[in-house]
C-alpha cells in the first residue's frame, strides 16, 4: 500500500488521511462483520468499571485503523472510537508522510480488555483474614493463660487433692506456708500426738488453724482423703468446722476454722489466769458434751474422736465450747464391734481398755470426757506433774471422793477450792454424777453421751446413768472402787473406808469405777 506524502499540520485538530478506495471498502466490510458478530453473540461478563474509560491515558498506538488522527490529549468524543484489534488479521497501519507512527485513540466496543478492579475481592479477603486471625489470637491467648497459671513456691512439693465440698476447698502447700509465716514458732498454737497446730491468715483475711500432721504417717493418700471427705460433711455449732486440706508429697495438713478465745486448758490451768466461775464451767461442760454426742449419735457411721482433752476444747468469746481436732478421728464402721488401732491420745485421758489393748469404741471417748468433767470440778490437771497428790492420775485421786460426794452431798473435798463454795449444789451434784459414771472401769457400764447431755441440762435424773438399774429406783450412782487404786494409798484411812465403799456398791449392784 502506498503511503501518502502529505504532511499533517501540527496545529490542526483533525487531519484526514486520504487512502485508496479499496482499503476503505475492506475496512467498512470488516467493521460490519465485527458489529454483527458482537450483536449475535452473548455479551461478555461485566467485569469492568466504565467510569475510568476517559480518565485513563490512551494505550500506545498499535492498531491505527481509525481514519482520523488526533494529537494528545485524546479526544473525549465517542465518535473517534475504533474497533479493537483483531490480531494478525488487522491491516497494517498507514504511515504518515513524515515517517512517524500515527497515534491511535482508545477503542471501546462495549467492553474493556484491562484486568478487573480488585476492590471488592480485597475487602472480602481482608474481612475474612481479620476474623480468622482474631479467633486464632483469642484461642492462643486462652491456652497460654491456662497453661501459665501462677504456681506457689516451686521449691515446695506440688499439691495434690480433690475438692471436698461446697463449703470446703483444697489448699496448696505454698498457700498454707505463707498463711502461717512458714510455720513459724510465733504462729504455733499447740502440739499434740498427731502433729502441730498453727494460726494462719489466708489471702482473703480469714483466720484459720492449720494442723500439720507428723510426717511418716502410715496413712495413705486415699485413706486420708476418704476420712476427710466424711468429716467435711459434719456441721454442728459445738464442733470446729473443717475448712479444707492439703496433700503435698508426704505432707498432710488440715485447715480448721479459728476459734479466737483459746482452749479450756488455757482458761482452767493457765498460769496467772483468773478463776473460772462455776456458771462458765457448767456452760462449757454442756456445750462440749453436745458436740461429742453429735459425733457418736448423729453421724453415720459414728465418729470416735480418740483424743478428747481440755486442750482440744476451744472456747469462743461467749464461752461456748467447740470440740476440735476430730479430723483424725477413727470412723467406726460397725457399731457392734470395737476398732483395734494403734493407741493415740494423751496420757491421763486414755480409757483403761484402750491403753492396754488398743480396743477402741465410743466409750473410750466417754471415759476421756469424764476426765474433762473432773478437771472442771476440781480445777486439777489430769496428771500430777508436781506430785501434789500421791496418785498417778486425777481419776485415781478422785475415785473415793466421788462416792463420798454422791452419798453425802459433800463436795468440799472434791470441788475446786478456788471456787470458795460459790456454786449451785444441784448443778454440782449432776456434774459429779456424770463424771463418776463416765470414768467407770468397765467400758460397757459407761453411759452414752446423749445421756450425759440430758443429765447436765437437768432433763433426766442422775440415776438414769446407771446401767442395769431401773431408772428412778436409785438415788445414788452405784459405784465400786477399784481395790488397786485405793490400796496404793499410803494412808491407812483410805483402807479403813474401803469397807463402806464396797458395801455401798453391793447394795446398789453397781460396777467398778
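Cβ atoms are placed via backbone N, Cα and C, with glycine included.
Features reported for this protein in Swiss-Prot:
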TOPO_DOM  1-123  topological domain 'Extracellular'
COMPBIAS  27-36  compositional bias 'Polar residues'
COMPBIAS  78-89  compositional bias 'Low complexity'
COMPBIAS  99-111  compositional bias 'Polar residues'
MOD_RES   172  phosphothreonine
DOMAIN    183-334  domain 'Protein kinase'
MOD_RES   256  phosphotyrosine
MOD_RES   341  phosphothreonine
MOD_RES   346  phosphothreonine
MOD_RES   354  phosphotyrosine
Q | Secondary-structure category, per DSSP, in which residue 256 (phosphotyrosine) falls | A | strand
**Q.** Length of the line joining the Cα atoms of residue 256 (phosphotyrosine) and residue 172 (phosphothreonine), in Å
**A.** 15
Q.
Summarise the compositional bias 'Polar residues' (27-36) as counts of helix, strand and coil residues per DSSP.
A. 10 helix, 0 strand, 0 coil
Q.
Can you tell me the CA-to-CA distance separating residue 172 (phosphothreonine) and residue 346 (phosphothreonine), as a whole number of Å?
A. 30
Q) How far is it from residue 354 (phosphotyrosine) to residue 346 (phosphothreonine), counting Cα to Cα, in Å? A) 12
Q: Using DSSP with the three-state reduction, classify residue 346 (phosphothreonine) as helix, strand or coil.
A: coil
